[in-house]
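What Swiss-Prot lists as compositional bias 'Basic and acidic residues' is 205-233. The SUMO1 cross-link annotation in Swiss-Prot covers 123, 210. Under the heading N-acetylmethionine, Swiss-Prot lists 1. Summarising the annotation, Swiss-Prot assigns N6-acetyllysine to 8, 301, 312, 325, 344, 446. Feature annotation from Swiss-Prot assigns phosphoserine to 16, 481; the stated evidence is similarity to another entry. Annotation comment: Swiss-Prot describes 198, 332 as phosphothreonine. The phosphotyrosine annotation in Swiss-Prot covers 354. Per Swiss-Prot, the feature region 'Disordered' maps to 191-233. According to Swiss-Prot, the repeat 'TPR 2' annotation covers 39-71. Under the heading repeat 'TPR 3', Swiss-Prot lists 73-105. Sequence annotations record features per position, and here Swiss-Prot assigns repeat 'TPR 6' to 300-333. Annotation source Swiss-Prot lists repeat 'TPR 8' at 395-427. Per Swiss-Prot, repeat 'TPR 9' is recorded for 428-461.
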């Protein structure tokens, strides 16, 4: 049994430090030695959830409940995994089942409230944004025939992209039928169902269930401690921090087993800007919480406050460490967002610290040597390193674009040329290399435009003048097959995006069947721009 406890503690430390695989290994070894220990399955469930393996987290949560049906945390683990698996109804039932055994468990109560809110949100989600929308409509006889009507498809796409228009379209019987199919309910009988559900009003029952009389069961010292805490909270709201500290200190003396009073003191010191004291108290609170088996959400809050204190001091690495500890105990959107923010700032700081123009020049020279030898992949690596060392040097992007062109990676070459031009709009090479990439892609119209811009900057640029002439001749002598035109057009990311847009495909179908519809669509500047793009690349022609 001693070995089991050692493995469990080792697993707990690994999980707190973010070493999830080590934690899983420790818990699994402990389970082999003591397969009836419900706490081990609970801890491993938390580790699997942290890793993102929610199915295994759910299985361990179920095992925890099987071994210890009267233990609230087992239900919390199981329900949390179900939440991550988007099985909200089952998660709600699990929280409710847990509350039958531990009616005053704060963690289960909060979980149930969260699930009820999530399920309520689902009623207001956009049903027209389902990934299998058209498949669902095709499979139902009520909507199958409607799909042959282009105006119906256009209406569906409108609601898919702008669900706020639903209120103005709800009177359309086709939309009512569609909603019935998508939501899987008969909307005609909804009013009756709602009326039937109204008689037992939820608010009064919630008030009756609120455990206010529970304070009568508390020992006198804990009652007094709660009163002191309330007085401390009032003082805190008024920013009378010294008075708040006195009340929290008194509450802590009356009930030394409750970590909340210590974290409240930490909050006061945080507001006063004494971050060292704040962290010291949070560590103490966590220690008290662990000793008294406090709800892990409270432990998570203490870790998050330590993270916030480091964030305030711009010590982002330390902040991330404690945010991760908080998330290991309990994941909340606020802490996750703060952690991601700290990671983003730290990454940017590291990027800026990496900048060194002297080392960039060394890498550039190495790249030039490799380029002259024809070793383009190696040259590209040196130019990439040079860009990391000096990301504001336009010439580095131009050099790497030349490598990409040699390696036939024309889209990447174009991207680097755009960056080069943005950094130094008067640098001729940026334009000539961009035009060369477009010319290689046989997009002669665009290539001529770019060569023309280069000539506007320097009318004596022979490279631009020769390139312009080549493109003119190639365009004149061009006899592409429709397949070549389509293949070349579909290599353009902008064309790919237009052609994958269901609304645009519907418009193009309408144009084929009814050419008069074009004039109506061209009134929309966004659609007109997309149609012009398709005309430029030769995919469509208007006679």
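Just so it is clear, glycine is given a Cβ too, placed from its N, Cα and C backbone atoms.
Overlay of Swiss-Prot feature records on the structure.
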residue : record             : CB count, 10 Å
1       : N-acetylmethionine : 8
8       : N6-acetyllysine    : 21
16      : phosphoserine      : 18
301     : N6-acetyllysine    : 24
312     : N6-acetyllysine    : 13
325     : N6-acetyllysine    : 21
332     : phosphothreonine   : 15
344     : N6-acetyllysine    : 11
354     : phosphotyrosine    : 12
446     : N6-acetyllysine    : 19
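Of all the modified residues given, namely 1, 8, 332, 446, none has its Cα within 10 Å of the Cα of residue 325 (N6-acetyllysine). The two recorded residues, residue 332 (phosphothreonine) and residue 301 (N6-acetyllysine), show a Cα separation of 10 Å. Mean pLDDT across the repeat 'TPR 3' (73-105) comes to 89 in this model.
Through the fold, the repeat 'TPR 2' (39-71) approaches residues 4, 8, 11-12, 15, 20-21, 23-24, 27-28, 30-31, 77-82, 84-85, 101-102, 327-328, 331 of its own chain, all at least 6 residues removed from its boundaries and within a Cβ separation under 8 Å. When secondary structure is read from DSSP and collapsed to three states, residue 332 (phosphothreonine) falls in the coil class. In the three-state DSSP scheme, the residue listed as 'N-acetylmethionine' falls into the coil class. Sorting each residue of the repeat 'TPR 9' (428-461) by its DSSP state yields 27 helix, 0 strand, 7 coil. Here residue 1 (N-acetylmethionine) is positioned 23 angstrom away from residue 16 (phosphoserine), judged by their C-alpha atoms.
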